[in-house]
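**Student:** Below are the structure tokens for one structure; questions will follow.
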Amino acid sequence: MAKERIRIVVCGDKGVGKSSLIACLVKDQFIPNLQDALPAVTIPRDFSASPYSPQNTILVDTKNSDLAGLQKELKNADVIWLVYADHDSYERIALYWMMMFRSLGLNLPVILCRNKSDDGIEYCRSNLTAGGEGDCGTIVEDEEFIPILKAFKEVETCIKCSAKNKLNVNQAFYLCQRAITHPLAPLFDARIGELKPLAIQALKRIFVLSDKDQDDYLSSEEIAALQKKCFGKTMDVNELNFIYKTLVDLSASNQQYADCSLFVQNKGITKMGFLVLNKMYAENGRHETTWGILRSFHYTDSLSISDKVLYPKVDITDTSSVELSPLGYRFLVDVFLAFDKDNDGGLNEDELNVLFKCTPGLPKLWSETCFPYSTVVNNRGFITLQGWLAHWSMTTFIDYKTTTEYLVYLGFEKDAKLALHVTRARRKRRRNGIFYRAPVNDRKVFNCYILGKPNSGKSSLLESFLGRPFSETYSPTIRPKIAVNSLELKGGKQYYLILQEFGQQEPAILENQQKVMECDVLCLAYDSSDPESFSYLVNLVNRYQHLKALPMVFVALKADLDKQQQRCNVQPDDFTEQLLLEHPLHISCMWPSSLNELFIKLTDVALEPAKNTPELVPEPIQEDTTVYWQATVVAGSLLGLASIFTFTLSRLINSWRNVPN
């Protein structure tokens, strides 16, 4: 990535012209009879015409007589400008200088420069063209450079210069900068002439994201869009045709690509063609182009996406929750539709595999929750759009960092935190000495824990929530289960409800008060046909007193079976009355209407927690005094009018009596 400052250390045998190169670069002229070593020179960004220059570049001259000082400077360097000038100094490149760098444990790019090449302009990266600033390179078969390049992977580029004739001095300096701003080593293995695996992986991902219609080709329009995104400018038709022709010619002339298509007429560039094109850029010294593509997709020098992009800082209080914003939902809808190639309304396994090729794979959280069976699937087991959005809503609620990470991998181009909505902190109120949660009006995702004795019907409840048929087969829950779905309340408002069952981990979960407080509503379920079932809930509530801080809904499951008297010191209706709660809802997986009533009830309670908070005395109903006061005002007005009428009438009568006959 672009650095604010680059430190270039110039080293080599005495007399090879290190100081002359620096002086020529700075003064733009050859200066003879310089001192043994120049002081460090700071070169600002505007010195170079290159758009990739850092804010400052420091050039450090060295002298061999001060070995300790030389080694200190090398350890502080970003890049090494290694200079030789004749056969003897060339021999010491491999025998002395490269060995010294390795003994110091340096892992820095080395730009090898043959100075005093006063007879011509030559510049080599292996035996291939490496166009530098101004694209001045020529193809060079150089018996000096090639052995060094093959023997030492640290040597990134070789160039012939002349300080006396001012030849390639600026280019050599530019190559030193480019070795840091646009390093070749992460992209290309010069020894085997191939792109490195991480580069291939990154470029394949970029191809998939740029292939908007998912037809496995980059069309002219898609290439133009990629060009605009990466470089901020459009691509000329002639440039595009030149790329196409290059790929076609390469397919015809190179046996390596005989069995694969690089470009198909009227369709576009294939994935292999895209990789080959970037390989050619690396071979020809134009890897700035590849880096321009990579960095527009947020890749760092290590070919990983920056953590600052994957995990943006989001300010969240302890009692806030995180949900998807409308922008996040819109993006995920677009992703679903783009990868649903057969337009059947569901993502099958192959479509999901293609979708997640752009990412590190299926999110760990999804694997742990048995995706896709933790949400809505169609009759063929393919996740639907409803299930897709529900699962992402759950993921964001539980671990929003997974959501931002995968949104970036899937091609979300804006700041990932714009895809999130942070709810207001949960507020508490107090009534008669009991704290309870205030009503919620800015949330759409709620978390419900289902607690109850094994074999009470909790798993069947989760399956019914996802619209699946009831199964008579009992399978004990060992690991936690989770289900998420959307539901619509009166008024057309849509919410997402997460149901969690903990199985054998239930005691450990309930011991963890912080984990318990993440819940919005408790669903306490028992088997109404099992006389031993309800006592489990009584013991649970009495043992874990902190559960009473949460709103509760008691549920009598298997209501289609014969109801049994519970073998407990308190019956369900009496126990709920003691807690000042409503009597248990009678639910059966065989009665769809009762299930819908339960899920709506759970969501309503999450929105209005006070209604179902244990031991919370209902707020006194205040009589509506409006009618009373209206009646009082009317009566007062009538009384006033009557008084005025009586007074006026009496005055009239008196005046009549006083009139003489």
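Placement of Cβ uses the backbone N, Cα and C atoms for every residue, glycine included.
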**Student:** Look up transmembrane segment in Swiss-Prot and report which of 81-101, 627-647 it refers to.
**Tutor:** 627-647
**Student:** Going by DSSP, give the three-state secondary structure for D61 (GTP 1 binding site).
**Tutor:** strand
**Student:** Please compute the mean pLDDT of the model over the domain 'Miro 1' (3-182).
**Tutor:** 83
**Student:** How many Å separate the Cα atoms of A559 (GTP 2 binding site) and E351 (Ca(2+) 2 binding site)?
**Tutor:** 41
**Student:** Cα of D342 (Ca(2+) 2 binding site) to Cα of E222 (Ca(2+) 1 binding site): how many Å, rounded?
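**Tutor:** With distance taken Cα to Cα, E222 (Ca(2+) 1 binding site) is 21 Å from D342 (Ca(2+) 2 binding site).
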**Student:** Specify all same-chain residues, apart from the site residues D211, D213, D215, Y217, E222, whose Cβ lies within 8 angstroms of the center of the Cβ atoms of the Ca(2+) 1 site, ordered by sequence.
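**Tutor:** The answer, listed by sequence position, is S210, K212, Q214, D216, L218, S219, G268.
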**Student:** Using the recorded Ca(2+) 2 site (D340, D342, D344, E351) as reference, state which further residues of the same chain have their Cβ within 8 Å of the centre of those residues' Cβ atoms, listed in sequence order.
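**Tutor:** Once D340, D342, D344, E351 are set aside, the remaining close residues are F339, K341, N343, G345, G346, L347, N348, F382.
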**Student:** Around the C-beta of K18 (GTP 1 binding site), how many further C-beta atoms are within 10 angstroms, looking at every protein chain?
**Tutor:** 29
**Student:** Among the binding-site residues V16, L489, A559, which residue has the fewest other Cβ atoms within 10 Å of its own Cβ?
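**Tutor:** Comparing Cβ neighbour counts within 10 Å for the binding-site residues V16, L489, A559 gives L489.
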